[in-house]
Amino acid sequence: MSNAITMGIFWHLIGAASAACFYAPFKKVKKWSWETMWSVGGIVSWIILPWAISALLLPNFWAYYSSFSLSTLLPVFLFGAMWGIGNINYGLTMRYLGMSMGIGIAIGITLIVGTLMTPIINGNFDVLINTEGGRMTLLGVLVALIGVGIVTRAGQLKERKMGIKAEEFNLKKGLVLAVMCGIFSAGMSFAMNAAKPMHEAAAALGVDPLYVALPSYVIIMGGGAIINLGFCFIRLAKVKDLSLKADFSLAKPLITHNVLLSALGGLMWYLQFFFYAWGHARIPAQYDYISWMLHMSFYVLCGGIVGLVLKEWNNAGRRPVTVLSLGCVVIIVAANIVGIGMAN
């Protein structure tokens, strides 16, 4: 396995670790509605950071974006909006299925759809089946899916042991939402594929290969921001128990506390895709679809490890922890299989 591929896998791991930890600052926000908290964090992660970093990277910010036709930018934006819809459905999936089953089904579907649809759309899937390296990477995707399933089972055992139940368990509604979440969340993978002309243009301007994907985030995350912020603002305006004005009428120290924590959560959320771009740049072009598989499987892996570190599994008993550990090992094995496949 080459150093470039190894570093690509490593950066995807770092990005996934940030994704697994980003919600920790949000949990310390006090006396704010979820909608206000999510909006503040989202403005940082989806608008401020993508624009600021792109302004630093590009020699002429406006000239870069105006150089693309609407036919180039619109698919990138719409796939970003598609991902935004999946982001909202994610929370509803947890509500009706519970954390473990919801995450397992949603992540499993988005891993498959986001990973395999790109080569199918590009007409490269037959190449993967007919080459040794391609078959090896597909095997890695299958093993990763098995690992996600094992971790999901560990979560179910934990919830059963600790008496944790879904907020409003509804299998039919939850499964529909989980499938929708999985499919729509893959929009980020499709957006990255659609944004290749933007990456190439950034490279032509002399942007470092590690950073060429970052300017496209202005468009991708702009699409996601409109969906997420629109959802939050509509709820803040229509739901009687929610009030943006009330949330910002608290004591100034508490407002500052909440804004800083929400901004930190937004920063950590953004960093997952900052390092995703670094990892994506190191993956061989013919296997760039694997970036999504690495990100999602490592997200599950890091989520399990973070849960252990935060002692969330302390009262779950030995069996759930053993199953979780097995699932984490399987995901690590999957990453190595994919790495070997890409090297071939």
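Even glycines carry a Cβ here, placed using N, Cα and C.
What Swiss-Prot lists as transmembrane segment is 4-24 (among others). Long-range neighbours of the transmembrane segment (4-24) within the same chain, counting only residues 6 or more positions beyond its ends whose Cβ lies under 8 Å from a Cβ of the stretch, are 265, 268-269, 271-276, 278-284, 291, 294-296, 298-299, 301-303, 305-306, 335, 338-339, 342-343.
The transmembrane segment annotation in Swiss-Prot covers 38-58 (among others).
According to Swiss-Prot, the feature transmembrane segment maps to 68-88 (among others). Panel annotation: around the transmembrane segment (68-88), residues 110, 180-188, 190-191, 194-195, 197-198, 201, 216, 219-228, 231 of the same chain, lying at least six beyond its termini, place a Cβ under 8 Å from a Cβ of the stretch.
Annotated transmembrane segment per Swiss-Prot: 101-121 (among others), in sequence order.
Proximity of distant same-chain residues to the transmembrane segment (137-157), defined by a Cβ-Cβ separation under 8 Å and at least 6 residues beyond the stretch ends, is recorded for 99-101, 103-105, 107-108, 111-112, 115-116, 128-129, 287, 290, 293, 296-297, 300-301, 303-304, 316-317, 319-321, 323-324, 326-331, 333-339, 341-342. Positions annotated as transmembrane segment by Swiss-Prot: 137-157 (among others).
Summarising the annotation, Swiss-Prot assigns transmembrane segment to 175-195 (among others).
Residues or ranges marked as transmembrane segment in Swiss-Prot (evidence: sequence analysis): 214-234 (among others).
Summarising the annotation, Swiss-Prot assigns transmembrane segment to 259-279 (among others) and lists sequence analysis as the type of evidence.
Marked as transmembrane segment by Swiss-Prot: 290-310 (among others).
Same-chain residues lying 6+ beyond the ends of the transmembrane segment (323-343) with a Cβ under 8 Å from its Cβ atoms: 1-2, 5-6, 9, 13, 132-141, 143-144, 146-155, 157-158, 283-284, 287, 290, 293-294, 297-298, 300-301, 304-305, 307-308, 313. Residues or ranges marked as transmembrane segment in Swiss-Prot (evidence: sequence analysis): 323-343 (among others).
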For the transmembrane segment (38-58), could you work out the same-chain residues 6 or more beyond its ends whose Cβ comes under 8 Å from its Cβ atoms? 26, 64, 202, 205, 207, 211, 214-215, 217-218, 221-222, 224-225, 228-229, 232-233, 236, 258-259, 262-263, 265-267, 269-270, 274
Residue numbers, six or more beyond the limits of the transmembrane segment (290-310), whose CB comes under 8 Å of its CB atoms: 8-9, 12-13, 15-17, 19-21, 103, 107, 110-111, 114-115, 118, 137, 140-141, 144, 147-148, 151, 154, 186, 188-189, 192, 272, 276, 279-280, 283, 321, 324, 327-328, 331-332, 334-335, 338, 342
